[in-house]
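Copied over from TrEMBL:
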- ASP687: active site, 4-aspartylphosphate intermediate (ACT_SITE)
- ASP687, THR689, ASP1140, ASP1144: Mg(2+) binding site (BINDING)
- 65-95: compositional bias 'Basic residues' (COMPBIAS)
- 312-323: compositional bias 'Basic and acidic residues' (COMPBIAS)
- 1166-1415: domain 'P-type ATPase C-terminal' (DOMAIN)
- 190-209: transmembrane segment (TRANSMEM)
- 215-232: transmembrane segment (TRANSMEM)
- 571-596: transmembrane segment (TRANSMEM)
- 616-639: transmembrane segment (TRANSMEM)
- 1198-1217: transmembrane segment (TRANSMEM)
- 1229-1250: transmembrane segment (TRANSMEM)
- 1280-1301: transmembrane segment (TRANSMEM)
- 1321-1339: transmembrane segment (TRANSMEM)
- 1346-1366: transmembrane segment (TRANSMEM)
- 1386-1406: transmembrane segment (TRANSMEM)
Amino acid sequence: MMNATDNPADVPAQPSYGDNDIEAAHDSGAAGPSRHSNGITIAENLPHPNSPPAPKRQGGSTSTHKTKRSRWATRKMTVKSSNKKRLSLIGRHGKTLANEKKRASAGSESFRQGGEPNNADPNAPPADEEEEEHDGPGPRTLYFNLPLPPDQKDENGAPKQTYSRNKIRTAKYTPLSFIPKNLYFQFHNIANIFFLFVVILAFFSIFGVENPGLNSVPLIAIIVITAIRDAIEDVRRTRSDKTLNNSPVYRLLDWNNVNVIQDNVSAWRKLKKATSRFFSRLWHLIERLWKKESKDKQKAAGVDPNGYDPRVSIETRHTRRESMLSPYSQRDSFVSARENIQMTPVPSPSPRNAPPQMQDMLSVAQDKTRPTSAFSFNPAADGEFNVVNAKPDLLNHNIVPEGKARFHRGAWKDLQVGDFVRIYNDDELPADVVVLATSDPDGGCYIETKNLDGETNLKFRQSLRCGRSLKHARDCERAQFYVKSEPPQSNLYKYNGAIHWNQSFEEDPSGAVHEMSEPISIDNLLLRGCNLRNTEWALGIVLFTGHDTKIMMNAGDTPSKRARIARELNFNVICNFGVLFIMCLIAALINGVSWAKTDASLAYVDMGPYGGTPPLAGFVTFWAAFILFQNLVPISLYITVEIIRTLQAIFIYSDVEMYYEKADQPCIPKSWNISDDVGQIEYIFSDKTGTLTQNVMEFKKATINGQPYGEAYTEAQAGMQKRMGIDVVKEAERANAEIAVAKDKALAGLRKLNDNPYLHDDEITFIAPDFVDDLSGVHGAEQQHANEQFMLSLALCHTVLSEKIPGDPPRLIFKAQSPDEAALVATARDMGFTVLGNTDVGIRLNVMGEERHYPVLTTIEFNSTRKRMSAIVRMPDNKIVLICKGADSIIYSRLKRGEQVELRKATAEHLEMFAREGLRTLCIAQRVLTEDEYYSWRKIHDAAATAVDNREEKMEAAAELIEQDLTLLGGTAIEDRLQDGVPDTIALLAEAGIKLWVLTGDKVETAINIGFSCNLLNNDMELLHLRVDEDESGNTTDDDYMERIEAQLDKGLAAFGLTGSDEDLTAARANHEPPAPTHAVVIDGFTLRWALSDELSQKFLLLCKQCKSVLCCRVSPAQKAAVCALVKNGLDVMTLSIGDGANDVAMIQEADVGVGIAGLEGRQAAMSSDYAIGQFRFLKRLVLVHGRWSYRRMAESIANFFYKNIIWVFSIFWFQIFCNYDMTYIFDYTYILMFNLFFTSVPVILMGVLDQDVPDTVSLAVPQLYRRGIERLEWTQQKFWLYMADGLYQSVMCFFIPYLTMVRTPFASFNGLDVADRLRLGAYIVHPTVLTINLYMLINTYRWDWLMVLVVALSFLFVFFWTGVYTSTTYSQYFYGTGAAVYGEASFWAVYFIVPVLCIFPRYGIKALQKVYFPYDVDIIREQAQQGKFKDYDRDGQLIKREAGPDVEKLVDGTNSAGGSSSEGSRKAKKHNSQHMQFASVDEDRRPIYPPSVATHNTRTQNGSDGTNYSGGDHDRQYSVDEMNIGMAVSSTDYTATASGRGRPSIDRARPSYDRMRASMDRVRASYEASNDFTTAARLSRLESSHSAGRNLDEASGQHGHDSAASRFIHGRLRGLSMISNKNKAT
């Protein structure tokens, strides 16, 4: 028996490695290896297998340092070194992209098969070493069943290079590191360091502290409370990490992985493991004691309590595989374990299984749309062996396996680089894996990437051709190869590597061993976080683990966030520290000078200085004063703030209005210390898929042979009608009632037409009774045939996989790469054209009850460049038909010239109407091919599919040849449904002044459609589309890209009068006003990478600042985080990110506040967030209600806390004047302890937790109140110093009035002598001071409920209780009897009532004047609320009842009573749009609710309109547009037929949806005419005309071809009324 490494003849020659040796199979050259069309490279001048390895270049891949992660969230560094050592996020982003481009270009030019780069200096350093910062190690090389080269081993024979572990930690602490690390983090707070210093001083008796132990209690309390909170948060993260790291995976055991050191556990790791194990077991023991009763109940119910707790995307509970010998059928998949789904197998087309008439054409090539599966069958010359014709195979058949290796179930954390793994259906990928073989004979598999890019559509991946023979564990023992890989990098859509092996062929008479290689691309890589779908199993090798995986490199660090107020508080603490230092210095100087005088004592004995000498006395006095006045920097403030934030988090969690019952998901605060930040958010960054939308596509409408079908009421329609002033609630009720009737009629017709077992009432979305009538032939055979052809085309042109769920009746579920495709096929199923499954060579359909088989000859798949997909199918009549579906503009430009003129016009108009309704439109067309046409084209297609160089371009060119001269069948309209309440939530946030940016991985067209549906975009906006096209040839340099995007940015900035200078940036930072709703920016990911560069980021930021909405499409997770960081740091604003997938984690962590939606796409976003919610609509309540409350409460609480401590400390300070600043305590020590503990603490806590300026309904009804938080007006330095000054004034009143009263009328003792007792004077001062402070806080509180009044009363009554009880006992020592003596004096009661009046009167008077003559917005709204004008609003801020009378509405605008600045037109528009501010009181004051203020100012343009260039002269024409005859020509098309002649059905019958939408949509036709991003009849006609003239749009226009960069800067003015008026003038 021979081991895998015992046959030297079969061992590949060891390669030499360079930093860019990663693209072995992508290049060719004269001196290099030969290149063949199957993607496999065969070396012609091979070194002998036994030759020694080539010398290693400097800077090779055997780096011993650990991989550095490319973090997109900023790394936490010390303040001193951060400015010098840490690159900005944007800089790192740009540099990483540049490094990727450099690696790719260098690799393509220099890498050759197993040798040195051509013309390379062997002593030259690698290119990456020229960078200042190296993102990670060089390329890695992994060996399988081969020995490591000597230069990659250390002196002990172990591998030099180390790799990241697969164990992931998002938790901050371990049981061993918690105490020191948490203390380290807590003492980053400067206040904690100060308090620790004071506690240490207090233990020195020379400073006169009576009880140092009690003095340290507050610091210990705050540290313990904070540590407990941090521990609770980190335990949650630890549990999540443990669940993830212990997830099951099947890895190959009992074989030698030479790439890693086995069982290399250091002593430190062993100690950490032991500690963690101890605490884990201790915790589990406690849990078992707690849950014993629950486990007994589970056992009684028959549930295994020790069963594996499954994660969302993994189901292996009942699975135990030792090898592939265990049949797959014994394992329940994620789906089948729950729903018993029987999956329809989908084998790929194969010549051996094809019918005889198909074998000749299928043997030419397999599916050529799969790039890595291309293989050439070109014959060799007679007598000559052609290696290209042979099958590539990694197996060395000369080796007899030992048979020890087996696939065993283990944990994710145990995976190592170089392991073999087997992944089963629905399992989640534990690492980045190169797939070698799958259950599909052609090596295909499907993955779901929603955790990476947020998309739920399936994606196709292909195994390497050379590895498809690997099926079992014993095959892995016989495979000898090595893999060269590029370094770990964060790009989710790019990877380059190569696999190398030696192979001999039985057909080769020479018996030579050929060195083979095959490229590895992103299509062969399964990334961590993906799920394997619709594939029984996949076998692969682990390439990257842990933090080297792409998903983790995009994740960023777990941030430690601090609230903005907490950060600003440090400055105020430093200011107070400065005041404290001055007070201590004064005390030290005066005390030192006083003790320097002799014979100055009033007593009989002159005591002398306490320190021995006057200077030393001053020194001691300084620190004694430091301790006595320490409350000026109050540690109790931090305790109070922690309590307030904790209670705020509890109330947020308890809000039932944010509870999502469907998912049992409340709003869960995960970070308790940033609730006030939620009240200052200015920018929100949102994902689209799964966050704004449900990601559920529903087929709504269609146009077939010129006939529109479908009844639907879309959210875009509702939004448009709302802008027109229509009552959308009533309109929706009416439309839904009509749709319900139509649905019943359609279902009855379908069941009458065909007994379709797969038709379910709850699944049908295409409601079209007239379509059913036409399908049954009621209106003629022509339309019936057209409808049948249309539905048949939908059922044949797709890549959908069907899954059958048995039952009565059975169900079919479709899995597709695009949810649009699934919706199209599902609608065909409902109409009677059911996809039953796929065969080897075609598709099985059930057509109106008859089962048929349609051979699919060729499939040309969809991509973002082509924007179309085609399938060539042989029909039952033996005709070959090409079916093409795609974007309307693409299909129209490929229609046959001179035919279907009227049909094209009608279809174009219908598609335009569908697009206006917010639906995603597609066109369906076909072409009948002759046998000669098809086979001639097939040769061209096969040649392109097997090409190695420029394969994509050649494939596209081949498709272009056949996808011409099409015949139009019709069009479809699909709705991507938004989540409930998304449009209203976005509109409400916009009214609050919050800017929403959408960052999505979806394509541009989809994002724009959703933008209109959810109120991000409207008809009056100009879309600025920033775009530069990627040059696949590589001829375009970085500078060219930069110049193109800079030209577009400059042009956009010029429209706003900006240049992108630093002065513009300074002005932008100071301006928090929402931009006018006139512009929106759309940018794709490739363009964004250049816009985020250091040179252009400022211009890009300033341009987006001027736009109402920003849509960033096709962006990676790292780009999302980079955009968030750019806005947060560039504009110095508060940001919030919200998402639902793992691809949103980096963005969530980068923002000041991260919100995760615990939805269908896993919980990683929710786990990494600061707040987890169930739906996007709950964001409005979190931000506008709880956020605003928390910010205002926290700001007021902190200001009041500083105020009360100023009164207290300065009362002590004033007393020192009369005792030479010897730091004598005027108050009994119990008063000092009780002051911040009981006397004044509870009211300020209640203020911070329960105070409400307005109820939640009013906060949502008037979202403009939130703008004070955006402008940070609740907590300012001015407010801080005003409260400090007020406290200083009141301290004078609180001390000197009691002092002057008592100094003239001292207490008389029992023997008649006067007693000047300092402690009794302290009692005189404490009582009115506490009363003043509590009344002051009550005045500053908006909400006076019974609890607040009770707490205030109890707080100042507790002083009487404590003084009376405590001074009646001898424990009080010198304070004994003070209560009885003080309370018996009339002067005390006079002081007690006079002092609060004198203290509070100035504050009360100023506050009254402000509210009467200078009211804030909230003051006026509170007045309106007290008058009952918000009683008709529900908990969501929506008006549920209105009183009649158009002249009684009060609108929130920027006008004043004198007339204001807004035009009459803008006021009319506001009446239609502002449902949140309509009040009904006939006798109320006519003034607007808002006075002119910063918070309510509305920016106007030069002509006074609300952000448009529409002049008043054309304004009078608006009525004519709204009321014009439907037959008027209102579009810019060159056909002027009346409405009755354009697009009307050829059969005269009722079309309720069509007719209803026709009139409303005609008003805004011109707004869509001007946009290049929307379907319009005029645009499609222009495309058709230009196609007829020569298929060159640039030449037809004559003026757009000379400036490609500028032409892509879309000028489409979406201002319908202005353009319509101009058109009418011209007419």
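Just so it is clear, glycine is given a Cβ too, placed from its N, Cα and C backbone atoms.
In TrEMBL, annotation is done automatically, which means it is predicted and not curated.
Note that the structure is predicted; figures quoted are calculated from it, not measured.
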Paired segments the transmembrane segment (1346-1366) and the transmembrane segment (1229-1250) in contact, 3+ CB pairs under 8 A: yes
Site with most surrounding Cβ atoms, counting all protein chains shown within 10 Å, from the recorded positions ASP687, ASP1144: ASP1144
Stretch-averaged pLDDT - the domain 'P-type ATPase C-terminal' (1166-1415): 89
Other parts of the chain folded back onto the transmembrane segment (616-639), taken as Cβ under 8 Å at six or more residues beyond its ends: 189, 191-192, 194-195, 198, 201-202, 206-209, 215, 218-219, 221-222, 225, 573, 576-577, 579-580, 583-585, 587-589, 591-592, 595, 609-610, 1198, 1201-1202, 1205-1206, 1208-1209, 1212-1213, 1216, 1221-1223, 1225, 1235-1237, 1241
Among THR689, ASP1140, the most crowded of the binding-site residues [Cβ within 10 Å]: ASP1140
Folded-back contacts onto the transmembrane segment (571-596), same chain, C-beta under 8 angstroms, at least six residues removed: 190-191, 194, 608-610, 614-615, 617-619, 621-623, 625-626, 629-630, 632-633, 1202, 1209, 1213, 1216, 1220-1223, 1277, 1280
Distance, the residue listed as 'active site, 4-aspartylphosphate intermediate' to ASP1144 (Mg(2+) binding site) (CA atoms, angstrom): 7
Distance from ASP1140 (Mg(2+) binding site) back to the residue listed as 'active site, 4-aspartylphosphate intermediate', taken between C-alpha atoms, in Å: 8
Where ASP687 (active site, 4-aspartylphosphate intermediate) sits in the secondary structure, as DSSP reduces it to three classes: coil
